[in-house]
Amino acid sequence: VFQVLLAFGSDDLQGDAICSACEELGYEFSLASTRETVLEAFQATNHEIVVIDTRNPKIIDGESICKALRSLKTAQYTVIVGVVRRSTTEKEDSSVAPLLSMGFNRVFTETYSLVQSVNELLQLYVSDVQPRLQLSSAQAAYVALDKCSDVVHITDQNLNIQYMNRSSERFLGFSMEDVAGKSLLEANSVDNRDLMVQQLQRGREWEGVISWRRKTGDCVVLSGRVIPVYITGRSPTHYVFIHESQSVALDKRISGTLVKNPELPKGTNNRKGSADLKSISSDGLRRQSIAKLHNLSIEAPITKVIALITSVQENASLEDIQTLDKVIDILRTTELYSPQLKDDKGKPGDPVTNDLIGALLSSGPAVTPFARRSSSDSGSVSRIGLSRSTFKPVNMSHQMKELLDTSLLWDFDIFKLEELSSKRPLVYLGMNLMNHFDVSSSLGCDENVLHNWLVIIEMNYNSKNSYHTSTHAADVMQATAGFLERERLKQILDPLDEAVCLVAAAAHDVDHPGKSSAFLCNSNHELAILYNDLCVLESHHSALAFKLTMSDDRVNIFKCLERDVYKAVRQNVIDMILATEMTRHFEHLAKFVNVFSIKKEDDSPDGGRSSPDIGVLTAPENITLIKRMLIKCADVSNPTRPVRMCVEWAVRIAEEYFNQTDEEKENHLPVVMPLFDRATCSIPKSQIGFMDFIINDMFETWEAFIEMPELLQNMQHNYKFWKEKEKFGIHRIQDVITMQRTWKD
């Protein structure tokens, strides 16, 4: 309803005439007689028209009221009319300029005629109010454009830039001041420029690809369309360029249809296929990954910090956005509190002092990157006297050979191999996979040495455990190989990286006692005492792996590596094994998503999956994060395997936990996992909880990175399977084992 506010004194004939005109037209109106009551009434209603009596300042201070209204942000589109005496407008030297300079939009010559008052209000509505309402709607559209993730430019008829939204500023690095009035086509290139211009001049939309130049000097190719707009005349007066930013593409690819499904793990997107976490702009990807992290069951503090910074960036200036980007780059480093000596006067000048202070402040060796090399590069490996291909494979049955031919498939039957190998799957599968990746060449060792190493590692797995046996090690190694076969990782990791991943996978649980680190600490186990109750099991696994390796030249797969390369290999293997410690699960996951959520996209124009900037991905610290994530996912990949394997692993891990609970109760130790009591524990519930709180978010993220859809397909199928078993009352481990027997029958 149209609203009019009248600022008149009491019993004023002119005011009465305008009130009658409002009633005639069906407009709502309010009356106020002082500056305070006018402001109070306006702030309560925000009238479209304010009519102020300026004829007698002693009764109504029209100038003061008008200036006060104009100071309000909400009065930006309000039409303010000043009523003047008829004698004022009849003077030859009279001017409305002083009133206009005060903030009035129009003057209204006093008239007590109802007809004239009605006509004045009608003209005000059509010529002043309606255009301002349209202008306010246009302002709302500008706000929406600034909030959208598409790259939007508006040009005049000569393709000179008149407007660009915030997404364009963030994405290209230019501010509006940098490009205002400049030709859009001079700075950016179009393959069929003449055809585009010809089509636009004819008033037709154009769709195609434009190579946009960024302020950094590089170019990015985006597909989109250009829409001609007619304001006046028959020819287009403006052109709107809309190019879909990659944040929208990611939403389509990574989110799909965001339908909540109770039969899927918590936070699961019911989507088709997978997505590329790297093929989008930094702003869009950061928001998408932060949204994903908000769905994690446990949120890392650093995630909250980055989310707050990202939120602040929404309304920040371009300069502040760039500064905050640097802040986020610093926050995503892994050593936030590691001291660094300054390059200026804060750094000791004496070299000896400098070395001393540097050594004292050092937190120990960081993970040393490899010099990126190919498998044929022998610069880091001493091959003197090395006889390649001297390994004589153990006689294998035809059945085992056929099985090992499928060793890189995700549905590889590890339990069949366990049976065929008489519970020695690690040696057979390990040699198969290491030969596939030519590990002996990467490490510069003889294949016999590699075989001997696998034998001694497997001998030190505890076959009495139900879960943490060499079969689990072989399974993790097979998952690692499956991941390494993905095209994304082939682009990032070199042969030595692959060798490190396979070695770490094979040895990651060597000599596992079948009890958790917490149990060892509570029972004052010698390993807990040795490692000060910190990362007990993983420290033992990595230390023993190297102790066994160095125990004899016949098993020393690192013997021929040069000193610096060996040091880097050792640090990488240790780092990967330590990454399997579950107490730091959410820390590793949050770091992975944060780091890969703020990298810039590559210049791929297509909407599908594309290759990210290899230079960014192969940064040493990023390769470390990738390898940590790789072994973490390989270590707990059971819920992403085919259902029969998933169930068998669930039975085995439950049995091992039950044994620990039994021993804790027997020895009056604190019960670490009280729910894992063989008499009461529900296997389906334990698996559902594990998938909800640990597996889902990690594998959603990992699959989006390496593009391996069978991971999520199996995970979702297994989740539904456990939900169904819970519904039908299959809870105890014996119930599940009985169900397995029906499958075998």
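Cβ atoms are placed via backbone N, Cα and C, with glycine included.
Automatic prediction, not curation, is the source of TrEMBL annotations.
The active site, proton donor feature in TrEMBL is assigned to His468. Look at TrEMBL and you will find His468, Thr469, Ser470, Thr471, His472, Asp509, Asp635, Gln687 tagged as AMP binding site. For His472, His508, Asp509, Asp635, the entry in TrEMBL reads Zn(2+) 1 binding site. Under the heading Zn(2+) 2 binding site, TrEMBL lists Asp509. Per TrEMBL, domain 'PAS' is recorded for 137-207. Summarising the annotation, TrEMBL assigns domain 'PDEase' to 392-729. Residues annotated as region 'Disordered' in TrEMBL: 261-280.
In this structure, His468 is the one among the recorded positions His468, His472, His508 with the smallest number of other Cβ atoms inside 10 Å of its Cβ. Sitting within 8 Å of the Cβ centre of His472, His508, Asp509, Asp635, and not among those site residues for Zn(2+) 1, are the Cβ atoms of His468, Ala473, Val476, Ala505, His512, Thr580. Over all protein chains present, the Cβ of Gln687 (AMP binding site) has 27 other Cβ atoms lying within 10 Å.
Neighbour density for Asp509 (AMP binding site): within 10 A of its CB lie 25 other CB atoms from the protein chains shown. Sorting each residue of the domain 'PAS' (137-207) by its DSSP state yields 35 helix, 16 strand, 20 coil. Here the Cβ of Thr469 (AMP binding site) has 24 other Cβ atoms within 10 Å, regardless of which shown protein chain they belong to.
Taken as a whole, the domain 'PDEase' (392-729) shows an average pLDDT of 91 in this prediction. Of all the Cβ atoms in the protein chains shown, 27 others lie within 10 Å of the Cβ of Thr471 (AMP binding site). Remark: Ser470 (AMP binding site) has Lys423, Arg424, Pro425, Leu426, Ile457, Glu458, Tyr461, Ser463 as non-local neighbours, by Cβ distance under 8 Å and separation of at least 6 in sequence. It is 7 Å from the Cα atom of Asp509 (AMP binding site) to that of the residue listed as 'active site, proton donor'.
The separation of the residue listed as 'active site, proton donor' from Asp635 (AMP binding site), Cα to Cα, is 11 Å.
In the three-state DSSP scheme, Gln687 (AMP binding site) is classed as helix. Cα to Cα, His508 (Zn(2+) 1 binding site) and His472 (AMP binding site) are separated by 10 Å. According to its DSSP assignment, His472 (AMP binding site) is helical.
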